[in-house]
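Written out below as structure tokens is the structure these notes cover.
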Number of protein chains: 2
Amino acid sequence: MSDRKPLILVTNDDGITASGIRTLVELMQQLGTVVVVAPNSPQSGMGHAITISSPLRLYPSEIFDDVIAYECSGTPADCVKLAKHHVLKDKAPDLVVSGINHGSNTSISVLYSGTMSAAIEAALEGIPAIGFSLNDFTRQADFSHTHDHILTIARQVLERGMPKGTALNVNFPARAAEPIQGIRICRQANAKWQEVFDERRDPHGRRYFWLAGEFVNFDTQAEDTDEYAIAQNYTSIVPCQYDLTAYGLLDELKDWKM
Amino acid sequence: MSDRKPLILVTNDDGITASGIRTLVELMQQLGTVVVVAPNSPQSGMGHAITISSPLRLYPSEIFDDVIAYECSGTPADCVKLAKHHVLKDKAPDLVVSGINHGSNTSISVLYSGTMSAAIEAALEGIPAIGFSLNDFTRQADFSHTHDHILTIARQVLERGMPKGTALNVNFPARAAEPIQGIRICRQANAKWQEVFDERRDPHGRRYFWLAGEFVNFDTQAEDTDEYAIAQNYTSIVPCQYDLTAYGLLDELKDWKM
């Protein structure tokens, strides 16, 4: 870390009023100058959505003391784009942190996660980035047991940087009687959401559906996954990248009759 | 391909009225029994978004002759989930095809692409899936030069299946004077969108922003990318997977002071 105070951009997907982002802002103020650009409403499940067919709004917010903050009508990925290109006038922050998400983003949830899409958007810009999520989706989630790990991980990233095109997906177990056991470097567990659609009728008799579902872990025997780590009361770190190419298939496909 | 007629689910992200999906439906009718579940409005840029905070609507549509079709209020990923779990009553289709998108989804656009999120959602369910996109975003785009390749690729996938957890990202060059030169198996080009925000004032004097930007290809020297292929008037196929773990970093991270 240089002597200059690092510039840290904070965003999230639960919206600027969530308690998770307040915790993150307060912690990052210990490490550098904080700027916040966060959605003005919850954006959970937005994946890597961006807003291209409607205009974006950006308003100054005084929700945090002594912090330059804006609320944005867009998605978490929009927030990072607007922060870099407009709020910060193309001055790249030293670190982008997203979260703390109310709810875990382990395993396949990384695909649907607005929290991680903000971190990956930063990685696309070559900015070191971390998404933090807690395995507790309540509004009243207790984040106090995560403070030390957040500071440790953020300090390491500020000091070492991240290889270009990568970002960290950090997940914490929900607060338990025992303190978190430690930090584990993990791979994304192989799992999926087994959807159930809850079919109902509105007061006008028209049918509608709620998306619900259960998490199904196909990796229950493995001990190197993020799912395993948080189940064992560890903090999990998965380094993520955004090249989706299935390299192992390239040769096989070249043999197809096409 | 077995003697039984394959069941093919068709979706897209431009909405059920787009001409790209009509082309795809008509082509798939040559290969099997087609069911359509597609968004009732354009969903471009939705990435892997899912709808969890508002209810989903699903209405029968008679837009296609002799095809069971539904329009859905959700995202492309929602459409695949609703199709599998509700419309098809958990009977897995033999193939999911998404598109033909009006606009290419090469390189990093795969992250923002609703077209590909539908294909990846299907892959998560273990269903062979293909996203088709044309490098022409106009509503009047001419898809006629893509028909042969669509049928060839879909037939190969129906015959061979796809390895679990993978889907194909197929991009076609815009119609040119010469026919498409052939099909290339590619990797995702390393590129990004260089955003520009177009700042305006609404009639009430309030500021708003349009997201715009230019595509920047960092891979201009490489000949094995999807970008290169379509620039050379080839159809590109990138096999995609959804494990974002940056495996090459796992050992390095274990040496961090944490």
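Quick reminder: no glycine exception, Cβ is built from N, Cα and C everywhere.
Where the annotation comes from TrEMBL, it is an automatic prediction and has not been curated.
TrEMBL lists B:Asp13, B:Asp14, B:Ser44, B:Asn101 with the feature divalent metal cation binding site. Here TrEMBL flags B:8-195 as domain 'Survival protein SurE-like phosphatase/nucleotidase'.
Features as recorded by TrEMBL, highlighted on the structure.
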residue: B:Asp13; record: divalent metal cation binding site; CB count, 10 Å: 33
residue: B:Asp14; record: divalent metal cation binding site; CB count, 10 Å: 26
residue: B:Ser44; record: divalent metal cation binding site; CB count, 10 Å: 23
residue: B:Asn101; record: divalent metal cation binding site; CB count, 10 Å: 32
- prompt: According to DSSP, which kind of secondary structure is B:Asp13 (divalent metal cation binding site) found in, if we only use helix, strand and coil?
  reply: coil
PLDDT averaged over the residues of the domain 'Survival protein SurE-like phosphatase/nucleotidase' (B:8-195): 94
- request: Quick one: of the binding-site residues B:Asp13, B:Asp14, B:Ser44, B:Asn101, which have a CB under 8 A from chain A's CB atoms?
  value: B:Ser44
B:Ser44 (divalent metal cation binding site) in three-state DSSP notation: coil
Field: Environment of B:Asp13, B:Asp14, B:Ser44, B:Asn101, the listed divalent metal cation site - residues of the same chain whose CB lies within 8 A of the CB centroid
entry: B:Asn12, B:Gly15, B:Ala18, B:Gly20, B:Pro42, B:Gln43, B:Pro76, B:Gly99, B:His102, B:Gly103, B:Ser113, B:Gly114, B:Thr115
